[in-house]
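Heads up: the structure comes next, in structure tokens.
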Amino acid sequence: MPTITLPDGSQRSFDHPVTVAEVAQSIGAGLAKATLAGKVDGKLVDACDLIERDASLQIITPKDEEGLEIIRHSCAHLVGHAVKQLYPNAKMVIGPVIDEGFYYDIAIDRPFTPEDMAAIEKRMAELIDKDYDVIKKVTPRAEVIEVFTSRGEDYKLRLVDDMPDEQAMGLYYHEEYVDMCRGPHVPNTRFLKAFKLTRISGAYWRGDSKNEQLQRIYGTAWADKKQLAAYIQRIEEAEKRDHRRIGKQLDLFHTQEEAPGMVFWHPAGWTLYQNLEQYMRQVQRENGYQEVRTPQVVDRILWEKSGHWSNYAENMFTTSSENRDYAVKPMNCPCHVQIFNQGLKSYRDLPLRMAEFGACHRNEPSGALHGIMRVRGFTQDDAHIFCTEEQVKKEAADFIKLTLKVYADFGFSDIAMKLSTRPAKRVGSDELWDRAEGALAEALNESGLAWEYQPGEGAFYGPKIEFTLRDCLGRNWQCGTLQYDPNLPERLDASYVAEDNSRQRPVMLHRAILGSFERFIGMLIEHYAGAFPAWLAPTQAVIMNITDKQAAFAIEVEKTLVQSGFRAKCDLRNEKIGFKIREHTLLKTPYLLVIGDREVETRSVAVRSREGVDMGSMPLEQFAQLLAQAVSRRGRQESE
């Protein structure tokens, strides 16, 4: 009979097979009441599952990360229960967990409305109040098919067909409603009280636009109502910071239907964009990168050689001319290999670091486009390092150091680094993968920072490092990458002359720090809510006169600051000074300079910050020094 070993090393013996819930009850009534599921020998199981042999057991409660995921998954099933009660003809598709929530795809003959979503949420709350048990039944395949056939759940039957090797499946019953899942799920609906439906959208069956359209209901669920309230507050803050709203408020950019997924940059937004590009150009030059420029439109022949035509054609914009097929480049790497291939390269030329602010275009589905975060036309801070296998570790270590410096300059210090390792389907020997993964792991270790493995998540041809930034709202943004690639140099016949005069293939390291400029600017807008650090702000200082008498000196101040390399402008409108201050505060200009008669007499400026802090009057030279210091700090705090 089983002996159960708990996380603290203590053991409990039973004279009969025992469920997770029964083990929890033997420890204490409080734990039993909080038990969602269990982890038996590292595998998640339902609270009702039997343990028949000696095993280690961790009781899962809402406080555990896995517990939160179980709550969210069970809430998705609860959506199904409510929808089927309200709309009996709806057909349920799938309801997975996503970051901070869940969704359920539903086939129904009309789009859901906000009123429908409110009705579904109300019915879910009513079902939770019934405090019913969720019943799990491991059911033979034939019976599963019978259950869903009798209910007309066509999509569930298709999902069963996708699992030909499964002879028995878990069915979870919410009263009269049944759903299919690997589980585990909550034992009772009382665990689901802290939930909220958040939005509705369209989706396609299996994510393919050629298939039928479905309705998708998104929601979130948490361990308790306090966590839910904090999440809702965070979402409301995120809505206030939406880059589309702030972009319009600050007159940075716009998008329009005639050019879907393309950005119209206005003067202020283009200034911000240029700040990023000039900064990246400087840091790359300081770190040994040579900047290049490659064509936008390239013959199909190159894309066939690189493999993009067969694997990526549906995402490429194509055209024809004079009986030749072309594609607008979706990425820069094949073109960079063409530059490398011009002229004989020696081992003495390596590492060769080639950078381009490459404008790329990808035919993203129209439904996936989102402001400037998800676009069809974008520019990358793209670079490729051609090196020997022995040089990979140092190049990777240098890149990590550079990337972390850049992120710090933009005000991001909470960085997660992950190493994605070999997938099951891959090319290359295990020895090659061992060396490649080992070099990247050693480079990560040299950074002195924590990092983690992502087993099996590498590309089929090589491992990669990913950098994820956490913003002020706790959201994660995957930005930088370093991809090890021995494959493309092989396909495009890149080589160098080794020390022994033999021809060898270089390793190619694909790398980006910001990624898409458009997406990174969208992140910056939301992270700073448009109140950019002085070095990035489109206008760093605005000079405002109180009356026409001070206009000449205001213009002189503007000219002096501009000649010193600052972005300053005058506001000489015949408006009250309070009106001007309010307007430029809303435009989030870092420094507001007010000039009255006293400032003209003393050749000084009265300085206010956009936060409303009165910094007093000071000589123009002193303000210029203050602004220069703020610019030199970039996005770092004064203490850094």
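Backbone N, Cα and C atoms are what each Cβ position is placed from, and that goes for glycine too.
Here is what Swiss-Prot says about this protein:
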DOMAIN    1-61  domain 'TGS'
REGION    242-533  region 'Catalytic'
BINDING   CYS333, HIS384, HIS510  Zn(2+) binding site
- Task: Mind telling me which of the binding-site residues CYS333, HIS384, HIS510 has the densest Cβ neighbourhood, counting other Cβ atoms within 10 Å?
- Result: HIS384
- Task: Write out, in the order they occur in the sequence, the residues of the chain not among CYS333, HIS384, HIS510 that have a C-beta within 8 Å of the mean position of the C-beta atoms of the recorded Zn(2+) site.
- Result: MET331, ASN332, HIS336, ASP382, ALA383, GLN483, ASP485, LEU488, MET508, LEU509, ARG511
- Note on the structure: DSSP assigns the residues of the domain 'TGS' (1-61) as 14 helix, 24 strand, 23 coil
- Taking DSSP three-state, what's HIS510 (Zn(2+) binding site) in: helix, strand or coil? strand
